[in-house]
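Annotation source TrEMBL lists domain 'Nucleoside transporter/FeoB GTPase Gate' at B:42-151. Annotation source TrEMBL lists transmembrane segment at B:6-26, B:38-58, B:89-112, B:133-153, B:165-188.
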């Protein structure tokens, strides 16, 4: 598990390096830290309304069963283009809810086995894309951008491309089963 | 577009609940969703305070500027509107590097700082600039080197090789990031042809 050793050591090393470099360059480290930190509180509070609005809409959409219906509706189409039926709900949940997607991924891995086609595809999908709605809401919300322009369209299209690529990559590397 | 999607999800959900008798769940969802959002924000305070504090030191010591100088040639091509020595470059790079190492916690505050700088570059307007759209497109395709959470799940379910998905994930994530940049370019050129 050398990989996880790298990621475990990375943060402390980074912190140590920043502090030593700051001291070396004679930055008033503690004062700077506090000044920078103050901004963090402001930003966290500022995001609240953006995230509340978005998460309530997403929760309603999911709890009402509308998301499931949409998934069922598109299932035949997905099957026609070679997407395994089991993975379809994950495709729709991935851009809108990170925690729900993570739950679904572990569920798929538990039920189909981590080394099955579906298990591998779910693993790679989970690891290679991010929660588009959350990213846009938090980043735009924090700086008070109200007109997102093409950002959502671009983000969601990029997700579609990501899904197609992961299906191809899994099929090529591990073989379609 | 966000307005339509936002209203659309809510209204379709409510109509659906009327038809299917899932009103109870929807009522609960309203409050659960709101609560989850606040919980996330409160949870972010600790991370935001710590990493923005650290980053202030990195910025004042000139570390951030050094970093952006290192990757300048590549990033300059992706963000042609951002001046070479602008602090936005440093923040965007540190955000992407944190994402690569799966440090979502560290990545978010840096991304927010990058957005702040990009907003300044855009004259403080409340609409998204070209660079912001590109930056977020890359972020949603999140380039990951080590998908730690997924590896943990795979270990949990006794995979014969939990880390076998690392290389495919990197390949996928790099290709989708390239895809994201191309899609972003396409929309940018479409916008500029229309003359905005």
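Each position is counted from 1, following the chain as shown.
The backbone N, Cα and C atoms fix where each Cβ goes, and this holds for glycine too.
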Beyond the flanks of the transmembrane segment (B:133-153) by at least 6 residues, Cβ under 8 Å:
78-79, 92, 95-96, 99-102, 111, 114-115, 118, 162-163, 165-166, 169-170, 173-174, 176-177, 179-181, 183-184, 187-188
Please report, as numbers and ranges, the same-chain residues at least 6 past the borders of the transmembrane segment (B:38-58) whose CB is under 8 Å from any CB of it.
64, 91, 94, 105-106, 108-110, 112-113
Helix, strand, coil residue numbers for the domain 'Nucleoside transporter/FeoB GTPase Gate' (B:42-151) per DSSP?
81 helix, 1 strand, 28 coil
